[in-house]
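Per TrEMBL, transmembrane segment is recorded for 24-41, 61-79, 86-106, 118-135, 142-161, 185-206, 213-230, 236-252, 264-289, 348-368, 380-400, 412-429. Residues or ranges marked as domain 'O-antigen ligase-related' in TrEMBL: 219-360.
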Amino acid sequence: MQQTGTGKAQLRRPGDGDVAQRPAVIRLVALAALVVLFDVFRPQIVGIDFEQAIEIYSPLLRGLLIGIYALGLCFGLMVPRRFAATLLRAWPVFPVLLLAALSAFWSPLPGVTLQKAFASTATFVLGCGYVAYFGARETLRLVAIVLAIGILASALFAFAAPEQALHQRTDAFESIHAGVWRGVFYHRVLLGQAAALTCITWLFCAGPSLGPLVLRLAIAAVAVLCLVRSESAGGYAALVIGVAAMAGLRLLEGAGRSLRGVLLVLGLFFLVPLLLASQALLAAGIMALGRDLTFTGRWQLWVLLIDLARENPWLGYGFSAGYQVLRPAITAMFGYDFVNPHSGYMDILIGLGVVGLLAALFVLFVLLRQSLRLALREDVARLGALRCMPFAVAVFLIGANVVEAMLIESRGFATALLALTFAAAGDAARGITATRRRATGLAVLPILSGQTR
């Protein structure tokens, strides 16, 4: 007998059949929107003249971003019940965004704060809209493809149009990096971070659904090339940490539940001597990356920012505006323009205080917890190798934000990455809970049946 599901079950999550019914044109438009949102081709879109110290935004780009936010909202409204459920599952993010909007009341630049808070909120709503419409699996596939497009295009432009894809001696900002690749991003750091994540994604998280093994290895190899030519120390660190984390995840995944506890105890046992030798290891690692123990001046900046944060410790100076007010004084003090705090955690601390920082850390904790559940439990969401991608993104964001400002903010590809991955992980992890409840219900039925007899 053929069984038919209830309407409620059919609306629970877009399955493989639902995704297959999405028109190819809509998928292409969705992919193009993410390319813009992830800062790929921003110099070409904006028409940046790197010889002039100008803003990297433009009216054209702002118009495109507003249209992209509207597109994500439309995706969600096309499946309203799924959209509402996805928004509810993403609730840990919205206290941070609400605090960001409320900080306009004490921000020295309330207009800037509201604008940035709107952009960040719209990005997370877009992420929920994508997941509601396409499903977690297809959304993660789109993210992986966008990363590959950015890396492949960067390598192509580096050889075909080096005057655009390489830092030049005539650049108004950081001409010291002349000859270093920036690709189709506007700075080498973004290229390095994107290259590290792309390499990890296509090595560990991309299955046959994204192409044959040769193609996946080729994309990872090009990503390594872009990382090397970007000379990004943060990118190198992100790659090493990511590969180690994914190797550990594979070890836990293959060990089975009975041995995972033993492996965790052994890991803690080996962690103690590593912590004791952490200072020497950190110094050696930083020097190997061609940097010094001040993290290229960042340490002194962070010490100063911590002192400034003590004046408004709980709620900060205003989202995305507090540091901009402090920036001229910091530039005068150091003789160098730190365009951002160079730490996502410090950025949130200055903007939203201790309350905002704790809320942002909770978001990362939830993402890490959900991603581990997806990777280590049965693949009930049918994500395949992509089920490891949220874990890779979580590790990347936690590590990268130590030295770069790319957490919950409106600039950079990291906000879009967090929004899409957080929504996808929440949607896919719900399948684990639903399966467990169904299994419990099936186990109870025989007991109840025996009692009725």
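Cβ coordinates come from backbone N, Cα and C, glycine included.
No curator has checked TrEMBL annotations; they are predicted automatically.
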Remote residues contacting the transmembrane segment (236-252) - C-beta distance under 8 A, at least 6 residues beyond either end: 192-193, 195-197, 199-200, 203-204, 227, 260, 263, 267, 285, 289, 372, 375-376, 388, 391-392, 395-396, 399-400, 403
Of 86-106, 118-135, 348-368, whichever stretch has the most CB pairs under 8 A to the transmembrane segment (61-79): 118-135
Segment-segment contact (the transmembrane segment (380-400); the transmembrane segment (24-41)) at 3 or more Cβ pairs under 8 Å: no
Beyond the flanks of the transmembrane segment (412-429) by 6 or more, those residues with Cβ under 8 Å of it: 13, 34, 37-40, 86, 89-90, 93, 120, 123-124, 126-128, 130-132, 135-137, 139-140, 142-143, 190, 193-194, 197, 344, 363, 366-367, 370-371, 373-374, 381, 383, 387, 389-390, 393-394, 397, 400-401, 405-406
Whole-number mean of pLDDT values that fall within the domain 'O-antigen ligase-related' (219-360): 80
Region pair the transmembrane segment (348-368) / the transmembrane segment (86-106), three or more CB pairs under 8 Å: yes
